[in-house]
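In what follows, a structure is listed as structure tokens, so that the remarks can point back to it.
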Amino acid sequence: MKMACSSLSVSVQFKAILLFVCSIHLVVSVSASAIEQTQTQTQREFDYFALALQWPGTYCQRTRYCCSSNACCRRPNAPTEFTIHGLWPDYNDGSWPACCTRSNFDEKLISTLHDDLEKYWPSLSCGSPSTCHGGKGSFWAHELFILMLLGMAEMGDIQWQWEKHGTCSFPVIRDEYNYFLTGLSVYFKYNVTQVLENAGYIPSNTEKYPLGGIVSAIENAFHATPLLVCSKGSVEELHLCFYKDFKPRDCVVGSRSLNDMVSSKRSCPLYVSLPAYVSLGLDGVKTTLSLDA
């Protein structure tokens, strides 16, 4: 009888502990849900889109080692033109919304876009940024699935771009597939690399080009002023800005003048370079690539 009572006591204690753990889990889940709803509600609708393009010749100069996710290492198929960094919903005051909803990334939804994303929206690093909802992701997401699918490259930026920026593009863009399809479509329609090449601005490790000339070439082609980001005198990024109907607009941020924003704030000198792309290759051997390659 004493043993039976002891067993009963242990059973009751176990149930009490289990109930307590379940209660804590419920409280945490409800709290997390409330925080997420509050975060979504406090972020107002964005004002415009910025298509951020990155120049691989500048980005890849920082490459110190190679991995399959880094397009800088894909000799001889490395990028030789501006590639997409992201399609970002922004505010006119210079700030931006981020991580607007807990929309789970599903790589299967963009399976038909994988080839174009690998070529025109690649990762140019081996880093693994934190995701919106904790943990680590890579510039593209779900490495194992993509590696099995493509047999060559990880696709880390997709998860990050969708979670941080894509979820904030509502109501203009309502789902993951259309977010990436729209980014690619706008990139193809407004071909910055072709515009600059037609104006005589081609990759070179010796030439420097007038910043004003590059800006003017974009303005003449798209009737809107871009934003340039430079690193050590080289063009690192070029942003094109669009109204919500994807008609071009000037990239004006807050109350700062455009000239201050382009040359001073972004540290672009009066003459800038568009360095030719040098691929390390996965074997570590450097190979210079050009637009004609």
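Every residue gets a Cβ built from N, Cα and C, even glycine.
Taking the Cβ of HIS85 (active site) as centre and 10 Å as the limit, one finds 26 other Cβ atoms among all the protein chains shown. Under the heading active site, TrEMBL lists HIS85 (among others).
Residues annotated as active site in TrEMBL: GLU143 (among others).
Other Cβ atoms within 10 Å of the Cβ of HIS165 (active site), summed over all protein chains shown, number 26. Feature annotation from TrEMBL assigns active site to HIS165 (among others).
Feature annotation from TrEMBL assigns signal peptide to 1-32.
Cα-Cα distance from HIS85 (active site) to HIS165 (active site): 11 Å (rounded to the nearest whole number).
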